[in-house]
Amino acid sequence: MQTTAKSSTPSITAVVAATAENGIGLNGGLPWRLPGEMKYFARVTTGETPSSDPSEQNVVIMGRKTWESIPSRFRPLKNRRNVVISGKGVDLGTAENSTVYTDIPSALSALRSTTESGHSPRIFLIGGATLYTSSLLPSSVPSLNSSTSTSPLPFSRPLIDRILLTRILSPFECDAYLEDFAAHTKPDGSKVWKKASIKEFREWIGWDIEEQVEEKGVKYIFEMWVLNQ
């Protein structure tokens, strides 16, 4: 199990596949069928050696529509703690290792109280568009700027601090879109996000991933973006 040091501000990684125009969905599902990309998603979010103890497994946070878009035979996503965010509630049926919360802060508070001290499982945000958008915009998370910063205004960082982006290079029709995070800037004009090197990406996920893949005639590249601190 891959873990990350516990802190007052949990590290949250968004995992998303998007076209060059930032399209991520169509009619409540994915516009593409790429088994290899789905295997990558499962491997990243599960971790290389998932624990048999549910309380130590990685966490996947998703909105209600994303939960419902997963075929019932695959719900909950196995070897991961499934967290569904919904203000209206969701009937999870008999799904094990799955919980509903009204918002992400409530989920994070509960997760902190149920994980062992010292280290915490990795936390992944997996959709949909509404949660991605709210988590990419500046939040109440403490400022990234130090006390000696010359920035004219304080900057409240986004809720997430890492993005694993699969950039789909082929065109697809979409009706749901990812926030254009790469264009976000701080008050001093610097970029909020920076693209990590492929070396840094491989070190973080723990295996030697190919940077570009072609599957079923569709080309896509794997990228990791981190907060520009």
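Cβ atoms here come from the backbone N, Cα and C positions, even for glycine.
Taken from Swiss-Prot, the feature domain 'DHFR' applies to 11-227, supported by sequence analysis.
DSSP classifies G87 (NADP(+) binding site) as coil under the three-state reduction. As annotated by Swiss-Prot, NADP(+) binding site applies to A17, 23-29, 64-66, 86-88, 127-134.
Here the Cβ of E37 (substrate binding site) has 19 other Cβ atoms within 10 Å, regardless of which shown protein chain they belong to. Look at Swiss-Prot and you will find E37, M38, K39, Y40, F41, A42, R80 tagged as substrate binding site.
Sorted by the number of other CB atoms within 10 A, the binding-site residues K39, K65, R80 start with K39, the lowest. For the pair formed by F41 (substrate binding site) and G25 (NADP(+) binding site), distance between Cα atoms is given as 16 Å, rounded to the nearest Å. Taking the C-alpha positions, the distance from M38 (substrate binding site) to K65 (NADP(+) binding site) comes to 18 Å. Annotation for G25 (NADP(+) binding site): same-chain Cβ neighbours under 8 Å, separated by at least 6 residues, are P31, G127, G128, A129, C174, D175, A176. E37 (substrate binding site) and K65 (NADP(+) binding site) have their C-alpha atoms 21 Å apart, to the nearest angstrom. Mean pLDDT for the domain 'DHFR' (11-227) in this predicted model: 90.
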